[in-house]
Amino acid sequence: MKVSILQFPGTNCEYDTQYAFEKLGAQTEIVWHKSESIPADTDLLVVAGGFSYGDYLRSGAIAKFSPVMQAVKEYASKGGKVLGICNGFQVLTESRLLPGALKRNENLHFISKHHHLKVENNDNTFLKKLDNGDVVNIPIAHHDGNYYINEDGLKELEANGQILLRYTDAEGNIQNPNGSVASIAGVCNKEKNVFGLMPHPERAMEAVLGSDDGVKMLEGFLES
Ligand SMILES: NC(=O)CC[C@H](N)C(=O)O
(Lines of atoms letter the chains of each structure in order from A and count residues from 1; the text may use other names and numbers.)
(Lines give C-alpha, C1' and ligand atoms only; values in the text may rest on other atoms or scores of the structure.)
Protein backbone atom coordinates (compact mmCIF):
# COMPACT_ATOMS: atom_id res chain seq x y z
CA MET A 1 0.00 0.00 0.00
CA LYS A 2 1.55 3.26 -1.12
CA VAL A 3 0.24 6.62 0.05
CA SER A 4 1.45 9.74 -1.76
CA ILE A 5 1.01 12.99 0.15
CA LEU A 6 0.85 16.37 -1.59
CA GLN A 7 2.87 19.27 -0.25
CA PHE A 8 2.26 22.91 -1.25
CA PRO A 9 4.04 25.96 0.14
CA GLY A 10 2.26 26.37 3.49
CA THR A 11 1.14 22.76 3.93
CA ASN A 12 1.79 21.81 7.56
CA CYS A 13 0.12 18.42 8.09
CA GLU A 14 2.14 16.34 5.63
CA TYR A 15 4.41 14.79 8.28
CA ASP A 16 1.52 14.00 10.64
CA THR A 17 -0.23 12.35 7.70
CA GLN A 18 2.91 10.42 6.84
CA TYR A 19 3.26 9.31 10.46
CA ALA A 20 -0.38 8.20 10.61
CA PHE A 21 -0.27 6.07 7.47
CA GLU A 22 3.15 4.59 8.29
CA LYS A 23 1.82 3.64 11.72
CA LEU A 24 -0.85 1.67 9.87
CA GLY A 25 1.79 -0.09 7.79
CA ALA A 26 1.63 1.91 4.55
CA GLN A 27 4.60 3.14 2.55
CA THR A 28 4.52 6.89 1.99
CA GLU A 29 6.04 9.51 -0.26
CA ILE A 30 5.72 13.27 -0.06
CA VAL A 31 5.14 14.90 -3.44
CA TRP A 32 6.05 18.56 -3.99
CA HIS A 33 3.35 20.53 -5.79
CA LYS A 34 5.65 21.44 -8.70
CA SER A 35 5.73 17.82 -9.78
CA GLU A 36 3.81 17.21 -12.99
CA SER A 37 3.07 13.63 -12.06
CA ILE A 38 2.31 11.53 -9.02
CA PRO A 39 4.23 8.32 -8.22
CA ALA A 40 3.03 5.52 -10.51
CA ASP A 41 2.54 3.06 -7.66
CA THR A 42 0.23 5.36 -5.68
CA ASP A 43 -2.75 3.56 -4.08
CA LEU A 44 -4.02 6.63 -2.25
CA LEU A 45 -3.27 10.28 -2.82
CA VAL A 46 -3.69 12.53 0.22
CA VAL A 47 -3.99 16.29 -0.06
CA ALA A 48 -2.73 17.21 3.39
CA GLY A 49 -3.90 20.03 5.63
CA GLY A 50 -2.35 23.39 6.35
CA PHE A 51 -2.33 26.83 4.79
CA SER A 52 -1.38 26.41 1.13
CA TYR A 53 -0.16 29.76 -0.17
CA GLY A 54 -0.99 31.25 3.22
CA ASP A 55 -4.73 30.91 2.49
CA TYR A 56 -4.37 34.09 0.38
CA LEU A 57 -7.36 34.95 -1.82
CA ARG A 58 -9.35 31.95 -0.48
CA SER A 59 -8.19 28.73 1.13
CA GLY A 60 -7.09 26.40 -1.67
CA ALA A 61 -7.77 28.95 -4.42
CA ILE A 62 -4.11 29.34 -5.46
CA ALA A 63 -3.06 25.72 -4.85
CA LYS A 64 -5.54 24.58 -7.47
CA PHE A 65 -3.25 26.11 -10.13
CA SER A 66 -0.18 24.11 -9.03
CA PRO A 67 1.30 21.83 -11.73
CA VAL A 68 0.54 18.67 -9.74
CA MET A 69 -3.20 19.32 -9.77
CA GLN A 70 -3.54 18.32 -13.42
CA ALA A 71 -2.03 14.94 -12.50
CA VAL A 72 -4.39 14.69 -9.53
CA LYS A 73 -7.38 15.27 -11.83
CA GLU A 74 -6.18 12.60 -14.24
CA TYR A 75 -5.54 10.16 -11.38
CA ALA A 76 -9.02 10.76 -9.95
CA SER A 77 -10.71 10.51 -13.35
CA LYS A 78 -9.24 7.01 -13.72
CA GLY A 79 -10.73 5.97 -10.38
CA GLY A 80 -7.64 6.66 -8.23
CA LYS A 81 -8.48 7.29 -4.59
CA VAL A 82 -7.96 10.81 -3.26
CA LEU A 83 -8.42 12.05 0.32
CA GLY A 84 -8.38 15.76 1.16
CA ILE A 85 -8.02 16.67 4.81
CA CYS A 86 -8.91 20.20 5.93
CA ASN A 87 -6.92 22.45 3.58
CA GLY A 88 -6.82 19.42 1.28
CA PHE A 89 -10.64 19.39 1.29
CA GLN A 90 -10.55 23.09 0.41
CA VAL A 91 -8.13 22.43 -2.49
CA LEU A 92 -10.39 19.65 -3.79
CA THR A 93 -13.55 21.79 -3.73
CA GLU A 94 -11.69 24.69 -5.37
CA SER A 95 -10.50 22.25 -8.06
CA ARG A 96 -14.09 21.01 -8.54
CA LEU A 97 -13.05 17.47 -7.67
CA LEU A 98 -15.59 17.67 -4.85
CA PRO A 99 -18.91 19.52 -4.80
CA GLY A 100 -19.56 22.63 -2.69
CA ALA A 101 -17.25 25.21 -1.16
CA LEU A 102 -15.67 26.01 2.20
CA LYS A 103 -16.44 29.50 3.48
CA ARG A 104 -15.20 31.45 6.52
CA ASN A 105 -16.57 30.02 9.78
CA GLU A 106 -19.85 31.64 10.72
CA ASN A 107 -18.42 33.09 13.96
CA LEU A 108 -15.33 34.37 12.08
CA HIS A 109 -13.04 32.62 14.58
CA PHE A 110 -10.39 29.99 14.01
CA ILE A 111 -11.79 26.91 15.77
CA SER A 112 -9.32 24.40 17.21
CA LYS A 113 -10.73 21.63 19.41
CA HIS A 114 -11.79 18.01 19.48
CA HIS A 115 -15.22 17.53 17.96
CA HIS A 116 -17.56 14.59 17.62
CA LEU A 117 -18.71 13.44 14.21
CA LYS A 118 -21.36 10.98 13.16
CA VAL A 119 -20.80 8.53 10.34
CA GLU A 120 -23.58 9.08 7.82
CA ASN A 121 -22.56 6.66 5.12
CA ASN A 122 -20.02 3.86 5.44
CA ASP A 123 -20.71 2.36 2.02
CA ASN A 124 -17.36 3.57 0.70
CA THR A 125 -13.63 2.85 0.97
CA PHE A 126 -13.01 5.57 3.52
CA LEU A 127 -15.51 4.72 6.26
CA LYS A 128 -16.11 1.02 5.74
CA LYS A 129 -14.40 0.15 9.05
CA LEU A 130 -17.07 2.13 10.90
CA ASP A 131 -20.82 1.64 11.15
CA ASN A 132 -23.46 4.14 10.15
CA GLY A 133 -24.37 6.14 13.24
CA ASP A 134 -20.98 5.61 14.92
CA VAL A 135 -19.70 8.71 16.69
CA VAL A 136 -15.99 9.48 16.51
CA ASN A 137 -13.93 12.12 18.29
CA ILE A 138 -11.59 13.94 15.92
CA PRO A 139 -9.79 17.31 16.16
CA ILE A 140 -10.87 20.25 14.00
CA ALA A 141 -8.62 23.26 13.31
CA HIS A 142 -9.81 25.73 10.70
CA HIS A 143 -11.14 29.18 9.95
CA ASP A 144 -12.70 28.23 6.64
CA GLY A 145 -14.69 25.12 7.50
CA ASN A 146 -18.18 26.42 6.77
CA TYR A 147 -19.33 23.97 4.10
CA TYR A 148 -21.67 25.49 1.53
CA ILE A 149 -23.74 23.85 -1.17
CA ASN A 150 -26.98 25.06 -2.73
CA GLU A 151 -30.32 23.31 -2.20
CA ASP A 152 -30.20 21.28 -5.40
CA GLY A 153 -26.63 20.26 -4.65
CA LEU A 154 -27.60 19.18 -1.14
CA LYS A 155 -30.44 17.04 -2.49
CA GLU A 156 -28.02 15.41 -4.90
CA LEU A 157 -25.52 14.70 -2.11
CA GLU A 158 -28.29 13.12 -0.04
CA ALA A 159 -29.68 11.08 -2.92
CA ASN A 160 -26.26 9.70 -3.86
CA GLY A 161 -25.06 8.94 -0.33
CA GLN A 162 -22.26 11.49 -0.66
CA ILE A 163 -22.59 12.95 2.84
CA LEU A 164 -19.98 11.09 4.87
CA LEU A 165 -19.80 12.85 8.22
CA ARG A 166 -21.78 15.40 10.24
CA TYR A 167 -20.75 17.38 13.34
CA THR A 168 -22.45 16.14 16.51
CA ASP A 169 -22.07 15.99 20.27
CA ALA A 170 -20.81 12.84 22.02
CA GLU A 171 -24.31 11.33 21.90
CA GLY A 172 -24.66 11.86 18.17
CA ASN A 173 -26.98 14.87 18.34
CA ILE A 174 -26.36 17.25 15.46
CA GLN A 175 -24.14 20.26 16.26
CA ASN A 176 -22.85 23.01 14.05
CA PRO A 177 -19.54 24.55 15.10
CA ASN A 178 -18.88 26.53 11.91
CA GLY A 179 -22.17 27.17 10.07
CA SER A 180 -21.89 24.30 7.57
CA VAL A 181 -24.98 23.51 5.50
CA ALA A 182 -26.70 20.51 7.13
CA SER A 183 -23.75 20.31 9.60
CA ILE A 184 -21.69 18.58 6.95
CA ALA A 185 -18.10 17.76 7.97
CA GLY A 186 -17.13 15.51 5.04
CA VAL A 187 -18.34 14.49 1.58
CA CYS A 188 -17.27 12.40 -1.37
CA ASN A 189 -17.79 12.67 -5.11
CA LYS A 190 -20.53 10.78 -6.90
CA GLU A 191 -18.12 8.04 -8.00
CA LYS A 192 -16.96 7.60 -4.37
CA ASN A 193 -13.25 7.74 -5.05
CA VAL A 194 -12.57 11.34 -3.95
CA PHE A 195 -13.13 12.13 -0.25
CA GLY A 196 -12.85 15.35 1.73
CA LEU A 197 -13.33 16.32 5.34
CA MET A 198 -12.47 19.28 7.56
CA PRO A 199 -11.57 17.29 10.72
CA HIS A 200 -8.09 15.76 11.06
CA PRO A 201 -8.12 11.95 11.48
CA GLU A 202 -4.31 11.93 11.22
CA ARG A 203 -4.22 13.82 14.53
CA ALA A 204 -6.30 11.16 16.28
CA MET A 205 -4.00 8.15 16.17
CA GLU A 206 -3.27 7.66 19.88
CA ALA A 207 -5.66 7.60 22.84
CA VAL A 208 -3.01 9.21 25.05
CA LEU A 209 -3.17 12.30 22.79
CA GLY A 210 -6.94 12.57 23.11
CA SER A 211 -8.35 10.03 20.66
CA ASP A 212 -7.38 7.16 18.42
CA ASP A 213 -10.60 7.26 16.40
CA GLY A 214 -8.62 8.35 13.35
CA VAL A 215 -7.19 4.82 13.10
CA LYS A 216 -10.50 3.27 12.08
CA MET A 217 -11.10 6.04 9.57
CA LEU A 218 -7.75 5.83 7.78
CA GLU A 219 -7.64 2.01 7.99
CA GLY A 220 -10.48 1.83 5.48
CA PHE A 221 -8.01 2.79 2.77
CA LEU A 222 -5.55 0.04 3.64
CA GLU A 223 -7.77 -2.82 2.56
CA SER A 224 -9.10 -2.53 -0.93
N1 LIG B 1 -5.69 22.77 9.46
C2 LIG B 1 -5.89 23.19 8.25
O3 LIG B 1 -5.70 22.47 7.26
C4 LIG B 1 -6.32 24.61 8.10
C5 LIG B 1 -7.21 24.78 6.91
C6 LIG B 1 -7.40 26.19 6.45
N7 LIG B 1 -6.20 26.82 6.18
C8 LIG B 1 -8.33 26.92 7.39
O9 LIG B 1 -7.86 27.47 8.37
O10 LIG B 1 -9.50 26.92 7.14
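Using the three backbone atoms N, Cα and C, a Cβ is placed for every residue, glycine included.
What TrEMBL says about this one:
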ACT_SITE  Cys86  active site, nucleophile
ACT_SITE  His200  active site
ACT_SITE  Glu202  active site
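Spacing of His200 (active site) relative to the residue listed as 'active site, nucleophile' is 7 Å (Cα to Cα, whole number).
Contacts of Glu202 (active site) defined by a Cβ separation under 8 A and a same-chain sequence distance of 6+ are given as Cys13, Asp16, Thr17, Tyr19, Ala20, Phe21, Ala48, Ile85, Gly214, Leu218, in order along the sequence.
It is Cys86 that, of the active-site residues Cys86, His200, has its Cβ surrounded by the most other Cβ atoms within 10 Å.
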